[in-house]
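Presented below is the structure to which this report refers.
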């Protein structure tokens, strides 16, 4: 769904366990934070995400009206003092529904990235570390990647059935190949370095090598990809809802709000515009932050 982060050189260092190493780790994090702070676009993205996250968390406090109570006297009322973003066809306040819908959209993105990231990291590490199964795993991943991500998600929903949960599962499956390829490529570059070869020669068990020396050194590309795919997952889930395959009304998920609003586009433009803007801004925020993280985590950058 998004471009894969560029593979970066890996430092030949063992995982921090000593006080000196812990200090070095904290110093590295402070360097990354300084780089990120200097990136204005990344800070704008972080600000956008912070705004929508806090608005969703405090939706019960911020929402001026109930999201389920209908008032036909106020149906399709435009933005104004009483209803800042207008109302829908049932007279429900759009701002209130969007605040609660943000919870659904953000949780959908979190679920997709958590599932796709976990499965993708496991398969990527196995594929990159164990050459005997590499061909089988990557052939399966190549088959999945032969289909456009959204088309693959639609096909999976067609098999599983319409609904919010099935839409999240479908998007997670469609996103997983991106994680597998990035993780596999990182593992292939690390497994040949001297300290990993030395650990193998000393008879260190594979799982210890993976957890102590492989995973910590591939964390950067995983973090960047997860940030970028978070926005892509929200967009894909919203697209499925817009097509009537994801969240169903009266669920206030942003894609579902756009789906309902398109039927009233000529007489109630706000029903489509404001949820669409929310989706656009959140996806933009994740892309800006992801690009900033990629630059901040690049060890070749000069301070």
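Backbone N, Cα and C define each Cβ position, glycine as well.
TrEMBL annotations: computationally assigned, not manually curated.
Same-chain residues lying 6+ beyond the ends of the transmembrane segment (41-63) with a Cβ under 8 Å from its Cβ atoms: 93, 95-96, 99-100, 102-103, 106, 278, 281-282, 284-293, 295-296. Per TrEMBL, transmembrane segment is recorded for 41-63 (among others).
Among residues of the same chain six or more beyond the transmembrane segment (104-129), those with a C-beta under 8 A of the stretch's C-beta atoms are 52-53, 56, 137-138, 141, 164, 167-169, 171-173, 175-188, 191, 206, 210, 214-215, 222, 226, 229-231, 233-234, 236-238, 247, 251-255, 278-279, 282. Feature annotation from TrEMBL assigns transmembrane segment to 104-129 (among others).
Per TrEMBL, domain 'ABC transmembrane type-1' is recorded for 106-290.
As annotated by TrEMBL, transmembrane segment applies to 141-161 (among others). Long-range contacts of the transmembrane segment (141-161) within the same chain, counting only residues at least 6 positions beyond its ends with a Cβ under 8 Å from a Cβ of the stretch, are 1, 123, 167, 169-171, 173-177, 180-181, 232, 236, 239-240, 243, 245-246.
The transmembrane segment feature in TrEMBL is assigned to 167-183 (among others). Among residues of the same chain six or more beyond the transmembrane segment (167-183), those with a C-beta under 8 A of the stretch's C-beta atoms are 1-2, 4-5, 7, 108, 111-113, 115-117, 119-121, 123-125, 127-128, 137-138, 141, 144-145, 149-150, 152-154, 156-157, 160, 218, 221-222, 225-226, 229, 232-233, 236-237, 240-241, 245-247.
Annotation source TrEMBL lists transmembrane segment at 222-247 (among others). With a cut-off of 8 Å between Cβ atoms, the residues of this chain six or more beyond the transmembrane segment (222-247) that come close are 1-5, 104-106, 108-110, 112-113, 116-117, 121, 149-150, 153-154, 157-158, 162-164, 167-168, 170-172, 174-175, 178-179, 182-183, 186, 253-256, 258-259, 262, 279, 282-287, 289-290, 293-294, 297.
Sequence-distant contacts of the transmembrane segment (267-290) (same chain, six or more residues past either end, CB-CB distance under 8 Å): 2, 41-42, 44-49, 52, 76, 78-79, 85-86, 88-89, 94, 98, 101-102, 105-106, 224-225, 227-228, 230-232, 234-235, 238, 254-255, 257-258, 260-261. Summarising the annotation, TrEMBL assigns transmembrane segment to 267-290 (among others).
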